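These come from Swiss-Prot:
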ACT_SITE  S240  active site, nucleophile
ACT_SITE  H293  active site, charge relay system
TRANSIT   1-26  transit peptide
TRANSMEM  132-152  transmembrane segment
TRANSMEM  167-185  transmembrane segment
TRANSMEM  206-226  transmembrane segment
TRANSMEM  235-255  transmembrane segment
TRANSMEM  267-285  transmembrane segment
TRANSMEM  291-311  transmembrane segment
Amino acid sequence: MVSVSLSHHNLWPPESGSTAFRGFATAASVHACHHVSRHLRLDFHLRSSLKKLQHFSDDARMKFARYQRVFVFNGANFLKSRVDIRLSQSSPFVCFFNGGESRLNPRGGEEGSSNPETSKRNTVNGRRWTNVLLAINVIMYIAQIASDGKVLTWGAKINSLIERGQLWRLATASVLHANPMHLMINCYSLNSIGPTAESLGGPKRFLAVYLTSAVAKPILRVLGSAMSYWFNKAPSVGASGAIFGLVGSVAVFVIRHKQMVRGGNEDLMQIAQIIALNMAMGLMSRRIDNWGHIGGLLGGTAMTWLLGPQWKYEYTTRDGRRVFMDSAPIPLLLRWRNEQRRL
């Protein structure tokens with residue numbers, strides 16, 4: 001995950017003198033992202049392009065049983081499942097989980113046949129917007145190539161121009177990249193963490209976190225303290241701020257559901273190591289925009305804390321279904337508003 005600061009006089013690849021460091025940064029970033037994809041494993045039967053993600057424990061003593069893999073928010077299935085689920089008629093933020101129709105064998109699998117087409121479709125749906133964002137990054141880079149790499153024209157982050165009213169640069173900078181290696185690192189990182197974040201929060205919350213993090217990245221520099229101007233006056237491009245926001249989003253989810261997740265502390269340690277590694281690389285080179293990384297991380301963390309999900313067990317119905325409530329601040333506020341309307 002690298003966000004590159006560009007010289008005003010050199011808006012294409014960095015000078016050759018930094019080749020050795022760029023090689024180290026590339027290897028370190030790829031290694032860090034590989035650790036993310038290995039350690040953030042979800043038991044939602046969703047796959048990234050690297051491997052099947054399995055994170056939730058198969059331990060029957062967990063508050064979530066093995067078959068409870070679907071979360072519903074306002075009528076939308078955020079995580080796919082093969083079991084029965086019903087949305088509460090009294091509140092759009094209540095989930096009913098029922099595993100009675102899907103028996104589990106001792107090895108952790110389900111008895112009976114499964115539909116390969118359904119499994120494939122669920123896997124694709126679980127990363128649909130990740131694929132869209134990857135395609136946008138590649139298409140925008142092709143457009144840059146066609147225009148001789150003029151990233152300023154396409155919307156690179158330039159503090160002075162943003163302050164003059166070109167606010168669109170807050171968003172467009174996150175889909176631009178300085179060179180092919182920059183694009184490859186960020187696409188690899190997005191492909192590693194994106195499906196996990198999209199599966200945990202669903203497409204709407206995933207996009208909200210990604211876009212907020214992308215915008216929060218330059219805002220921290222433009223509206224922040226004088227130190228941000230001092231350390232990063234140059235234009236910058238890159239999707240790493242938004243990707244850092246997704247990392248923060250996954251961290252918030254793990255923290256909120258630590259009692260339901262086996263190995264949550266280890267996952268948080270891995271996330272902390274990845275963040276620290278990228279921060280260290282930023283300190284070693286002025287061409288890596290640490291302020292963008294910090295801004296994206298804070299933006300994604302804050303948005304996930306507000307939007308959720310934060311699933312809280314409420315009770316078990318007479319027919320054995322467990323009811324979970326999304327108790328994140330905004331879902332709570334919306335539920336309260338809906339209740340007030342019914343009064």
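Cβ coordinates come from backbone N, Cα and C, glycine included.
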Neighbouring C-beta atoms (10 Å sphere around the C-beta of H293 (active site, charge relay system)): 27
Recorded stretch, among 132-152, 267-285, 291-311, maximising Cβ pairs under 8 Å relative to the transmembrane segment (235-255): 291-311
Rounded inter-Cα distance in Å - the residue listed as 'active site, nucleophile', the residue listed as 'active site, charge relay system': 6
